[in-house]
Amino acid sequence: MTERKKKIAASPMRAKGKTKPGTHRPVLEREVLEKLSPCPGETAADCTLGYGGHARKIMERLGEDGLLFGFDIDSQELEKTKMRLSSVKCRFWGINRNFRFIKETLSEAEISGFDLILADLGVSSMQVDNPKRGISYKADGPLDMRMDTRLELTGEKILREYPEEKLSEIFDKYSDEPDHKQIASLIAGQRKAFPLTNVNELIDLILNAKGYSRNTWQKQNKKNPFGSSHPAARVFQALRIEVNDELGALSDLLKAAPDLLNPGGRIGIISFHQGEDRLVKQALRKGLDEGIYSSISKKAALPAPKEITQNPRSSSAKFRWAVRSK
């Protein structure tokens, strides 16, 4: 192909399922409140503030004497959420940094520890539905994929610079993509003449690697052409995880948690894929065995069918929790 395709302007936010465009529906809300049990006057941390759905419910229970630290790497969404939460009678500190730096924040705030910590690892609907982010395969836009725009690494840069073997590794490791070798080979083979810069270009390459054309796939899946079984879903997940170092940040949080929690403090993590859940499960089990935690969830809490119907993105959510020994 001798001429570059014109970049397609990002289209407006698009809602999927029953979630309104530009909003975020908190998952497993009842289970989170039951197991983390926020009480008046306590100090809490919401590691992934987002739209503030979980934060609002927690703050309402913390009351006027309580304090919630809300972490969000998206400065624009953080300011919007601050406004949404301003009516809640609870002290709030919004922090524009990755939750992996929660230990530094604790020290800077000069508090002894947290009574509860929550991390909802799902990608916020506001960011998924924004084509300018390039996080989703459901609308065309630049292959950015950064949750924090201060980061240098982007999806486009990975596809342009990573060796073929490294591409294959992350597609396999972060999303169990069965055709990781074929997809990586195609990317490496064509990028000098035709580097991938937007969502639709990457989708077409993935479909080609799997023996589909765009029209063939859409005809075979008329009812749900953009469902979780879409051929591009796993590759987009793997790229997003790599760009944002999501598993590295989670690992840092889990290692720091015992030093962050007050005696009797609770931590809860909502994960959305096997790699995340495996890290959480192993860390909490290790903490229980070493006496750091007095109790942990025996099994992950899952969303009820009604919640999945109302919010399809919750279908893969798993909630695990632990209580710090006194």
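Cβ atoms are placed via backbone N, Cα and C, with glycine included.
All TrEMBL annotations are machine predictions without curation.
If you check TrEMBL, you get these features:
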- 1-25: region 'Disordered' (REGION)
- G52, G53, H54, D72, F99, D120, Q127: S-adenosyl-L-methionine binding site (BINDING)
- 304-326: region 'Disordered' (REGION)
- 308-317: compositional bias 'Polar residues' (COMPBIAS)
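Features per TrEMBL, on structure.
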{"residue": "G52", "record": "S-adenosyl-L-methionine binding site", "Cβ contacts under 8 Å, 6 or more apart": "G70, T81, R84, L85"}
{"residue": "H54", "record": "S-adenosyl-L-methionine binding site", "Cβ contacts under 8 Å, 6 or more apart": "P26, E29, V32, D46, L118, D120"}
{"residue": "D72", "record": "S-adenosyl-L-methionine binding site", "Cβ contacts under 8 Å, 6 or more apart": "T48, L49, G50, L78, T81, G94, I95, N96"}
{"residue": "F99", "record": "S-adenosyl-L-methionine binding site", "Cβ contacts under 8 Å, 6 or more apart": "A45, C47, T48, F71, A119, A249, L253"}
{"residue": "Q127", "record": "S-adenosyl-L-methionine binding site", "Cβ contacts under 8 Å, 6 or more apart": "D74, E77, R133, I135, M147"}
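In this record, S-adenosyl-L-methionine is bound by G52, G53, H54, D72, F99, D120, Q127; the longest C-alpha to C-alpha distance in that set is 17 Å. When DSSP labels each residue, the region 'Disordered' (304-326) comes out as 9 helix, 7 strand, 7 coil, counted as helix, strand and coil in that order. D120 (S-adenosyl-L-methionine binding site) is surrounded by 26 other CB atoms, counting those within 10 A of its CB over all protein chains shown.
Taking all protein chains in view, 20 other C-beta atoms sit within 10 angstroms of the C-beta of G53 (S-adenosyl-L-methionine binding site). According to DSSP, F99 (S-adenosyl-L-methionine binding site) sits within a helical segment. Classification of D120 (S-adenosyl-L-methionine binding site) by DSSP places it within a strand.
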